Amino acid sequence: MNATRKQRLCLVIGVLAAAALAVTLIVFALQRNMSYLFTPSQVRAGAAAGYQQFRLGGMVKAGSIQRAADSLKVSFTVIDKNAATPVEYTGILPDLFRDNQSVIANGRMQGGRFVANEVLAKHDETYMPKELKDAMAEGHLGKPIPATAAPLTTPR
């Protein structure tokens, strides 16, 4: 192998190594910032057990909103077709947050309750992630969900 070919081979190997390193760093960065969406049924089935932080999506159960008198702490229940998950949140809720409203909460499970650090309320009928829309379509078919639609259960 002559010197020119050897130099070209070293250059190609160096470029490939740099590209592999860049792809590896991008994948690790994306994994850290990725937040998976689960419904209460999936949480109860244990699908979210391996995730420290995830998003919980569903409908706010009618009559479940309880506000603390002395703080910004709010408790409510997120339901889907088959399950309910109690949620605690401390902070200012969106103006559109109310009973029978689609909601997505970002947080973690703690002692059988979902502790949210962010709550998003449905902006209008077009705002809903496809995964949540598909999961909720089976349960309520666009109709309001009564307060007794899903029993309050704690995840395993």
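We number each residue from 1, going along the chain as drawn.
Glycine is treated like the rest: Cβ placed from N, Cα and C.
Positions annotated as topological domain 'Cytoplasmic' by Swiss-Prot, on the basis of sequence analysis: 1-8. As annotated by Swiss-Prot, transmembrane segment applies to 9-29, with the evidence given as sequence analysis. Swiss-Prot lists 30-156 with the feature topological domain 'Periplasmic'. Taken from Swiss-Prot, the feature heme binding site covers His123, Tyr127, and the record attributes it to sequence analysis.
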Tally of residues which DSSP labels helix, strand or coil - the topological domain 'Cytoplasmic' (1-8): 6 helix, 0 strand, 2 coil
Intrachain neighbours beyond the topological domain 'Cytoplasmic' (1-8), with Cβ under 8 angstroms and 6 or more residues off its ends: none
